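The structure under discussion appears below in the form of structure tokens.
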Amino acid sequence: MLSKLNPPQREAAMYLDGPCLVLAGAGSGKTRVITSKIAYMVRECGMEARNIAAITFTNKAAREMEERVGKLLEGGQAKGLTVCTFHALGVRIVRQEAKLAGLKPQFSILDSSDVMQIVADVAGNKDKGVVKAVQWAISSWKNALITPDEAVKLVTDESTALAAKLYPAYEKTLRAYQAVDFDDLIALPVRLFDEHPEALERWQNRLRYLLIDEYQDTNGAQYKLLKQLAGVRGAFTAVGDDDQAIYAWRGADVKNLYALQTDYPKLKLIKLEQNYRSSNRILNAANTLIANNDKLFEKKLWSEHGMGEAIHIVAARDAEQEAEMVAMKISSHRFEHRANFADYAILYRGNHQARLFEQQLRNHKIPYVISGGQSFFDRAEIKDITSYLRLMLNADDDLAFIRSITTPRRGIGAATLEALGSYAGQRHIGLFTAAFEEGAGEHVASRQLESVREFCNFINKLEYRALREPAAQVLEDLLRAIGYEAHLFESCELREAESKWSNVRDFVEWLGKKGEADGKNLLELAQTVALISMLNKGDEATDAVQLATLHASKGLEFPHVFLVGVEEGMLPHQSSIDTDTIEEERRLMYVGVTRAQRSLTISYCERRKSGKEIRTVEPSRFIAELGDGLKHSGGKKAEPVSQEDALAKLAKLQAMFSTPPKT
DNA sequence: GCGTGACAGGATTCC
DNA sequence: CCTGTCACGC
């Protein structure tokens with residue numbers, strides 16, 4: 001179990017005498033260390049799996065880790081092991097301790113669009129810029145565990161002043177809805193543990209050893225939660241890489257990495273610098289690039305692999321040509337090297353960049369999948385369905401009420417809801433409750449009120465059945481009753497509707513199976529749905545080029561990587577240039593570069609559309625920072641990349657390989 | 001007055 | 001892809 005580890009990895013896996021920080025460079029086998037350590041604790045040290053928790057930042061990472069631990073442990077050994085995201089752990093704590101947190105156990109979890117809506121409501125202002133600024137300020141305060149009272153003292157400018165003024169009203173609204181936002185999932189447990197030591201003790205007893213992945217991405221609240229749970233013994237291992245800290249914008253603070261040393265003077269520091277992923281050419285470029293950042297921990301990646309291929313830098317005329325070129329390069333490279341489509345990844349800064357590449361890949365008949373991006377549960381069609389579940393579970397959830405009563409349309413619109421809302425507001429009750437009160441008739445026209453009540457009765461009946469009948473059956477009936485399939489096909493293009501409907505089918509099937517497996521009814525399932533991942537039914541089974549944002553690519557690796565749109569203004573992003581946060585952008589570039597195993601192609605456009613005008617853009621400063629060992633091509637002078645030439649070359653190659661490449 | 005669908009234009013990054 | 005605006009029908 002430990003024999004496959006190198007000396008520092010083994011040391012990290014076996015060290016249990018106190019708090020431990022593993023500085024794990026990209027591709028240095030950190031997941032292997034965490035999973036081996038869990039196996040070591042269970043198999044060699046007699047610890048019970050149920051007393052160990054491994055915390056990750058993404059569901060994907062949690063799933064992967066669970067899978068890999070499963071392989072190292074036998075039969076029932078892994079039973080009760082906690083492998084989840086910080087937020088999922090938070091949900092568990094708040095749900096179990098709901099009473100202490102002043103919530104009912106069926107509280108709703110709001111996503112960012114719900115939150116924006118509430119902020120807009122309490123602000124009485126729909127201006128997106130204002131709403132975003134307020135939401136951001138409140139979120140940062142929550143991430144730093146700052147209460148509304150304290151926030152007032154921290155006002156720095158107009159926008160934070162407004163945020164501080166609205167913060168109490170925002171919190172009040174959440175409580176009225178019996179709802180929490182994402183930040184609450186961390187902040188509430190922390191406050192709860194502060195105020196109720198006996199609850200903290202319960203959880204310390206349950207989770208006696210913690211392993212934290214991607215520690216550089218923790219925010220203040222998460223770090224505090226870790227400190228609380230780990231207690232004075234400091235029973236934890238944190239694994240992280242300060243060079244891959246790319247989430248400062250959502251409250252993460254690399255300083256938490258350094259703070260460990262002062263907060264735990266006995267902290268054991270272990271560095272993993274041997275890379276098992278990339279060629280030395282790629283590692284050298286990555287090292288050279290990241291040396292431009294100020295750092296506290298020095299780290300230099302090396303590997304036993306050879307130098308490998310040169311890194312290609314390619315200039316494209318514009319974004320269309322860039323996408324076309326990448327598609328062609330993948331096509332021909334795949335023939336030449338008899339590789340799989342899945343060996344290629346296209347990485348970019350922003351989601352919207354994917355579109356052109358999708359188009360071109362389709363043109364070239366290259367299969368692709370977009371990983372990351374929106375989570376399954378953020379998709380409109382899934383949110384439509386879950387809003388019904390949320391409402392059944394929690395009649396105070398006005399946002400779920402509004403979404404479900406208006407999707408599909410049933411003749412109730414903004415005006416009716418506003419009228420009902422103003423009455424509910426006066427009475428300090430939820431919309432659902434308000435609809436059944438006599439007084440509502442004074443605000444809402446009787447015809448509209450009738451349809452609102454009809455809707456509420458429908459929900460009540462459904463809830464009654466949801467408690468008694470199998471989940472899948474109730475869901476099927478719900479979909480039929482609201483005519484959701486027809487709604488999709490009426491409101492979307494055929495292809496889009498088909499894909500959405502198939503997502504809904506997947507969702508129903510998954511929930512039904514889960515209900516049977518866990519013996520839970522629909523409402524019990526709905527409670528956990530918001531944070532569970534059901535992705536990856538078979539994405540590894542299909543051979544397809546991977547498209548991902550740089551953020552979503554963290555933790556992944558690919559034989560051949562195309563890093564696209566590497567221009568000033570894109571990477572580094574313009575807003576980061578404006579706010580002087582270039583270092584994080586450089587780390588983003590670093591993450592991209594270190595995803596590559598064998599070949600790396602970096603491309604940029606010479607011109608890019610922005611609005612109506614076409615502007616000339618500069619290649620990113622980061623390209624120059626990669627050092628030498630780069631091979632420039634493309635552009636006007638070097639190597640013509642006309643479509644005809646490339647297609648001719650491709651045709652020739654295809655003729656040479658009369659047999660299709662192995663898959 | 002209210003509810004709905006069509007269309008264009010602008011887009012950081014995500015639990 | 002999501003939002004804001006506009007025109008249309010009840």
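The backbone N, Cα and C atoms fix where each Cβ goes, and this holds for glycine too.
The domain 'UvrD-like helicase ATP-binding' feature in TrEMBL is assigned to A:3-279. For the domain 'UvrD-like helicase ATP-binding' (A:3-279), the model's pLDDT averages out at 90.
The Cβ neighbour count for A:A26 (ATP binding site), using a 10 Å radius and every protein chain shown, is 25. According to TrEMBL, the feature ATP binding site maps to A:A24, A:G25, A:A26, A:G27, A:S28, A:G29, A:K30, A:T31, A:R277.
For A:280-555, the entry in TrEMBL reads domain 'UvrD-like helicase C-terminal'.
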Around the ATP site recorded as A:A24, A:G25, A:A26, A:G27, A:S28, A:G29, A:K30, A:T31, A:R277, what other same-chain residues have a C-beta within 8 angstroms of the site's C-beta center?
A:D241, A:L272, A:N275, A:Y276
Using a 10 Å radius around its CB, how many other CB atoms surround A:R277 (ATP binding site)?
21
Identify, in sequence order, the residues in the chain of A:S28 (ATP binding site) that are 6 or more apart from it along the sequence and have a CB within less than 8 Å of its CB; answer 'none' if there are none.
A:L272, A:E273, A:Q274, A:N275, A:Y276, A:L301
